[in-house]
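So the structure is just underneath, and the comments pick up after that.
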Amino acid sequence: MKLLKDLTKQDLEGKKVLLRVDFNVAVKDGKIAEPFKIAAAKPTIEYLVDNNALVTLASHIESVRSFEGLREQINAILGQSVELLENTRVNPGEKTNDGTFARELAKNHDLYVNDAFAAAHRAHASVSAITKVLPSYAGLLMVREVAELSKALDAPSAGKVLVLGGAKIGTKLPIIKNFTNKAEYILIGGAIASTFLKYRGLEVGKSLVDADQTEQIKTLDMRKVLLPEDIVLSTDMTGNSFVRSAPEKDILPEEYILDIGPRTARRYADIIKKSSMVVWNGPLGLSEVPAFASGTRTVVEAIGENPRSIIGGGDTIAAADTLVPGAKFGYVSTGGGAMLSFLGGERLPALEALGYYA
């Protein structure tokens with residue numbers, strides 16, 4: 001894999017560089033709600049600009065159709081004005097990894113740099129096909145993401161803890177399978193816990209369950225997987241109805257599982273505090289509702305005490321910022337799905353295109 005940091009000022013001066021970034025951020029009322037991903041691209045942009053390269057940014061965004069109205073905010077976050085192409089996903093050729101669209105993007109550029117780790121699991125034209133058109137390099141953020149996440153794969157399993165929550169069990173199964181021999185404990189919460197409890201034959205009421213994953217769950221070695229032993233329940237998800245904690249075997253048909261219970265939260269926190277490394281993705285409950293945030297808060301506080309902590313994912317970062325403001329983590333990844341795929345042992349299309357696996 002060729003690295004941007006190996007290029008000198010002589011290599012970059014006057015060169016027109018297409019830099020793929022991931023500015024897929026939440027936008028609320030026309031305002032960028034979380035600048036983390038944008039700010040993460042600054043070192044690579046500054047490296048290119050300092051070496052007199054002419055930089056054009058390319059990114060997708062899902063919360064709005066266009067970057068119009070956001071450019072001034074983006075430039076303010078970056079601390080400088082940088083040309084930004086329109087949302088790549090407006091063109092249907094982006095998602096189909098179309099070579100024609102890749103050539104359109106490459107036109108009038110000399111080099112391509114990919115710094116969009118958060119999109120590295122997508123075989124899209126601005127991520128994959130583009131590398132067949134231009135000399136291609138991994139940006140500073142891309143390299144750091146791979147290095148930091150590789151630590152989670154390579155560290156001894158003894159004392160290593162994986163914490164998983166969120167709603168999409170399908171995206172979590174590969175990392176669970178990969179970490180059954182790479183971690184000492186795998187702690188489960190969030191909506192994905194409901195699917196595991198249902199698989200064990202327990203009543204889960206109206207909780208979100210992905211029945212399609214049953215066959216995949218059967219293939220897992222569950223000896224290191226810990227499920228909630230008590231949960232927080234309610235008949236609605238607003239927090240305005242009666243809320244109760246109960247053992248995982250005491251769920252009524254009309255109830256939702258909305259958080260891990262206090263006993264489980266304390267147990268998970270104790271394990272995390274004793275761990276040598278902790279990796280976390282996904283809130284452990286409906287943490288945006290105060291009545292169902294306690295479990296995630298307790299776990300976040302424990303994770304923040306571990307200097308060798310790695311967290312990632314938009315909902316994960318938002319939960320940490322909201323519930324434990326100022327919490328410090330060893331590394332915060334820009335990737336959610338990409339982080340899970342990498343840690344799950346999958347080959348990421350962006351890294352494949354850059355020659356990482358060669």
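In case you wondered, yes, glycine gets a Cβ from its N, Cα and C as well.
Just so it is clear, the model here is predicted, and its values are computed rather than measured.
Matching Arg65, Arg89, Arg144 to the substrate binding residues that TrEMBL gives (Asp22, Phe23, Asn24, Arg122) identifies Arg89.
Going by what TrEMBL states, the ATP site holds Lys172, Gly313, Gly314, Asp315, Thr316, and the candidate of Glu145, Glu288, Glu346 recorded there is Glu288.
Distance noted between the C-alpha atoms of Asn24 (substrate binding site) and Gly314 (ATP binding site) is 10 Å. If you take the Cα of Gly313 (ATP binding site) and the Cα of Arg122 (substrate binding site), they are about 16 angstrom apart, rounded to a whole number. Highest local Cβ density among the binding-site residues Asn24, Thr316 belongs to Thr316, counted as other Cβ atoms within 10 Å over all protein chains shown.
Taking each Cβ in turn and tallying the other Cβ atoms within 10 Å, the top scorer among the binding-site residues Asp22, Glu288, Asp315 is Asp22.
Annotated pair Phe23 (substrate binding site) and Gly314 (ATP binding site), C-alpha to C-alpha distance, rounded: 12 Å. On a Cα basis, Lys172 (ATP binding site) lies 17 Å away from Arg122 (substrate binding site).
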